[in-house]
Structures are given as structure tokens and as C-alpha cells.
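Straight from TrEMBL, the features:
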- 99-306: domain 'ABC transmembrane type-1' (DOMAIN)
- 15-36: transmembrane segment (TRANSMEM)
- 105-126: transmembrane segment (TRANSMEM)
- 138-161: transmembrane segment (TRANSMEM)
- 181-198: transmembrane segment (TRANSMEM)
- 237-263: transmembrane segment (TRANSMEM)
- 283-309: transmembrane segment (TRANSMEM)
Amino acid sequence: MGKRKQLIKYILQRFLYAFVTILVLIVITFLMMHALPGDPISGDKAVSPAVKAALQAKFGLDKPMFEQLIIYISNALRGDFGASIKYGRDVSVILGTAFPYSAELGLRAMILAVFGGVAIGSLSAVRRGSKIDTFGMGIAVLGVSVPNFIVAGLLQYFVALQFNKLTGTVVFPITGWEGEMAKVLPSIALCLSPLASISRLMRTSMLDVLSSDYIKTAKAKGLSEKMIIFRHALRNACMPVLTVLGPTIASILTGSFVVEQVFSIPGMGRYFVTSIKEQDYTMIAGTTIFFGIFLIVSILVVDILYGVVDPRVNVAGKKE
């Protein structure tokens, strides 16, 4: 019962920290939007004072800043981010339309990064010093060093354009999100950097596990290499990967902004980039807060799962 109470307390604390973080995010985003240069109402166009005043009243920009902040926090916590200055529609409606595209792209990249990183890292550790190890770590270095927009451009040119010319048919579309083949290249471009990080972490973790006493005991008992790796080593070596799922989600979320733009995917990142060009402050703020809340909740879930799954973690706040 004591352990259960500690777990409940641990979860409630994480929820409280997440809520406070979301509040701070909303306040900082609001203040940054008001600190940006330029006028979101008129932009570069000449607007009469009467029209400008009417638009300011429509979007609530004629009120004192503190009152605007209180109203914005209240609305944002209810999922109401206001109306887009450029599109004239509710930001929440636009994000609701675009989110499925970003979510699918992110989920595909996440699956590729986690499973690919675990596989490459494990194989490199088991075959340490071999050509397989060199090749695997070469991919890891490449993934960490090359930005995803460069990877996206290279995939578009060499895979989509040149391969399509070679085959005489459109196997991989250069842009768009229609059809399964159109989703392959964006997912690869987005997953390469987190895959590289996970594979390096997995290799280090697997090497530590393989040198542990219980693995040596298993070898002394005559267990096969396959049984030792899959039944004993792999599960324990994967535990550190769980701790980096939060940063991995953050990497994929931020990377999706650029990848969606390069591949013309109608996701949230594309709207975000366009809103920056158009000085659409409500859209910028809404997208930032939505992504921030999604990231905070994702990290919260990972944090709770790690506290539940890993028996070495004491949910009271200490590591056993």
C-alpha cells in the first residue's frame, strides 16, 4: 500500500509540474508575441485608423495587456486560441485539420527511430569492432551531423527524382502526402537524427549489459548467444532508451516544421512557417502552445511510465 501511495503521489506531482509548465508556456508565448516588431493588423499595408481600430476591437487588441493576458490564458486552457488574422478562422479549427498529418508523420518517424535505433545499436554492440559496427556508427554520425532539411533535399533529388527517372515511373512522389509511397521519404528524413541518437545510446547500453556479471553467468551455463541477447540483455539494455523518448519526441516535433515545408505536407509545421511570414500572431501563438502542450504531455507520460516500469526508480524521488 505504501508503494501504491508513493506512486499516486509521484503521478500527481508530475501532473502539477506539467500544469505549471503549461501556464508558464502560455504566458511567455503571449509576451513574446506582443514584443515582436510589426503590426499584425495592418502589416505592410496602409490601413485607415477607423478600420484598424475596428480590427483591434474584433481581436481584443484594444484592451490593456494584463486583461488580454488573463483572457488569453483562460481561453487557451479551454483550447480556444482565437481567430487567425490571416485565415479568418479559429486557430483551433485550423490546427484540428492539420494535426492528423503532423501526428501521422511524427508517429511514423518515431517508430522508425526507436526500432531502427535499437536494432542498429544492438547489432553494433554484439558485433563490436566489425564492419557492421563501423557501418552502424557511420549512420549514427551521419544522422547527428546532417540537418534533416539537407537529408530531405537529398532524398528528393537522388531517390524521388533520379530513381523515378531510372524506373520511368513515379515510385516516390517528390512532394505531397497522398498514398503510402509519398510518406516514405518524409518519414526517413525526419527519423534519421533521433535514430542516430538512439542507436548510439543503445550501443553503449548494450555493451554495459553484455559485460555485466549475470550475462557472464548465463554464458558459463552454456546458454546460446541468441537466448542471452534476446531473453536477458536486450530488455535491460532498452531501459535507457525509455528515458530519451521525451527528447526524441521534441526532436521529431521541431524537425517536422521543416520537413513538412520541404515536402509540402499540409501539417501544422507548414501553417506555422506561413504564419511567421504573414505576422499572424494568433496562429503563431496557438501553434506554439499546442505543440508545447503536446510535448509536455508526452514527456509526462514517458516520465510516469519510466517510474512504473523501471524497478530501480523509487517514485518517492530517489533511485534505488
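Every residue, even glycine, has its Cβ placed from backbone N, Cα and C.
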Could you tell me what the rest of the chain brings near the transmembrane segment (181-198), counting residues at least six beyond its ends with Cβ under 8 Å?
104-106, 108-110, 112-114, 116-118, 120-121, 139-144, 146, 148, 151-152, 155-156, 159-160, 171-173, 241, 244, 248, 251-252, 255-256, 259-260, 262-263, 265
Going through 105-126, 138-161, 283-309 one by one, which has the most CB pairs that fall under 8 Å from the transmembrane segment (15-36)?
283-309
